[in-house]
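Each remark here refers to the structure printed beneath this line.
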Amino acid sequence: MESYMSSIGSRLQMLTTSDHASVVSMNLFVALLCACIVIGHLLEENRWMNESITALIIGLCTGVVILLISGGKSSHLLVFSEDLFFIYLLPPIIFNAGFQVKKKQFFRNFMTIMLFGAVGTLISCFIISLGAMQFFKKLDIGPLDIGDYLAIGAIFAATDSVCTLQVLNQDETPLLYSLVFGEGVVNDATSVVLFNAIQSFDLTNINAAIAWDFVRNFFYLFLASTLLGVLTGLISAYIIRRLYFGRHSTDREVALMMLMAYLSYMLAELFYLSGILTVFFCGIVMSHYTWHNVTESSRVTTKHAFATLSFVAETFIFLYVGMDALDIEKWRFVSDSPGTSVAVSSILLGLVMVGRAAFVFPLSFLSNLAKKSPNEKISFKQQFIIWWAGLMRGAVSMALAYNKFTSAGHTHLRGNAIMITSTITVVLFSTVLFGLMTKPFIKILLPHPKHQSRSMTISSDPTTPKSFTIPLLGEGQDSLDDLGGHDIDHPSSIRALLTTPTHNVHHYWRQFDDAFMRPMFGGRGFVPFVPGSPTERNPPNQWH
């Protein structure tokens, strides 16, 4: 009995010690997040150093300190968890991207964005996979099958253009910004969908039937995930418009928007779809309908709440990547052959650059052929910036690499350790070096005029969550409404008819939106009914 009680006591003591260690780790990690925010604020004037690079460098320095204190046993405070990344950190980042997107430019360039983000990612994945298969077989890195090589292609086809977006101004270069931003999100979604499709198929004995099933499964995931996101966003808009939560509590409006957004992501994961695509299009639909159905205080709250959650999650990821770069467990496997690790990293970096160039310039040429207006065509300088923006690798590549080559954050095989260390090296090198060179490149290639119309800056895309400086319920057109514009003058010749169509897709979308969607789901012009407010005198369904 005494031995039994003593064993229970020792277990409780171990559990208490483990819990205390977790609390200490979380305290240190939160303190580091605070340090990243403070240092990022101090470096705000110098846009050479963005938040991603700052968090990576702080993570590296912290990793060195922990490594010295622990006697070379560990370099990070937390063990990497794919669930932590995919379930808690990634959804707010992707949702905020869709929620804050300037829809006018995004949908105006939708076909080009899909061309770059979907077709371009497939081309890049194929080239990286083919190159890795050719070069890695000559290196001694362990057994890899065709599924592993295709997974490597999907991992390194995922871009991270955050450094470029922090330097670009979406009011000064709206076309370039929308292409880089839109392609980045669609690229991440395509990479994850492609990675999941590769994981779910046995590609060791590939034939025509397996290849057809693979393609069909890929497009099914893509379309079904998009439709689920749109449907969830429309349901949230309909519920909030009909029930008027704001008359009792704005907290309920905010909570429902957050939970519905998160629910869209979890539903996608439940049905084995792409949560990234689902939550991104849910964010777009919510910003077009749901956001306009809530009270003014809820609009301000949601705008800043989603942006804050996204910022903290992104900083968290880069901080961890910086610390994990010095993980002794992974580097111990490659310590006997550092040349192999350097060769693998160099090959992957070269393949990323070649794979990126293989689709950016040809697809830009095809896109320009379909555009009549010179202002809508992508110049060679802009093509170079788009190519450069996609060279950086970040959080999605890291998460997919951990998913493929580790078990619960640990590596047990030499080949897997080499792939993890190579991924970390490519992420660090591309983010820091390419990120630091982004600003001077853009300054040289795309010099901006010193004086710019203030009115142009404010009115570029009004009444979206991003452009919150104008009156919330003003008469400005919404970003999707502006796509149709006013009636276009009829062309006076056949040549004018070919170059200036009488109506376009956006015109018909606006007509459909005004006639069917807005009366049911609300949106711009819908004034929520709040007792005691000036809107109480107006009918709750009044449109302006």
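Cβ atoms are placed via backbone N, Cα and C, with glycine included.
Remember, TrEMBL labels are computer predictions, not curated facts.
Pulled from TrEMBL, these are the features on record:
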{"type": "DOMAIN", "residues": "31-442", "note": "domain 'Cation/H+ exchanger transmembrane'"}
{"type": "TRANSMEM", "residues": "20-43", "note": "transmembrane segment"}
{"type": "TRANSMEM", "residues": "55-72", "note": "transmembrane segment"}
{"type": "TRANSMEM", "residues": "84-101", "note": "transmembrane segment"}
{"type": "TRANSMEM", "residues": "113-137", "note": "transmembrane segment"}
{"type": "TRANSMEM", "residues": "218-240", "note": "transmembrane segment"}
{"type": "TRANSMEM", "residues": "304-323", "note": "transmembrane segment"}
{"type": "TRANSMEM", "residues": "343-363", "note": "transmembrane segment"}
{"type": "TRANSMEM", "residues": "384-405", "note": "transmembrane segment"}
{"type": "TRANSMEM", "residues": "417-436", "note": "transmembrane segment"}
Does the transmembrane segment (384-405) reach the transmembrane segment (304-323) with at least 3 CB pairs under 8 A, where each pair is 6 or more residues apart?
yes
Could you tell me whether the transmembrane segment (304-323) and the transmembrane segment (20-43) have 3+ CB pairs under 8 A, leaving out pairs under 6 positions apart?
yes
Counting only residues 6+ away from its ends, which parts of the chain sit with a Cβ under 8 Å from the transmembrane segment (55-72)?
32, 35-36, 39, 315, 318-326, 328, 428, 431-432
Near the transmembrane segment (84-101) in space but 6 or more residues beyond its ends, with Cβ under 8 Å, are 181-182, 185, 188-189, 261-262, 265-266, 269, 275-276, 279-284, 286-287, 291, 306-307, 309-310, 313-314, 316-317, 395-396, 399, 402, 464-466
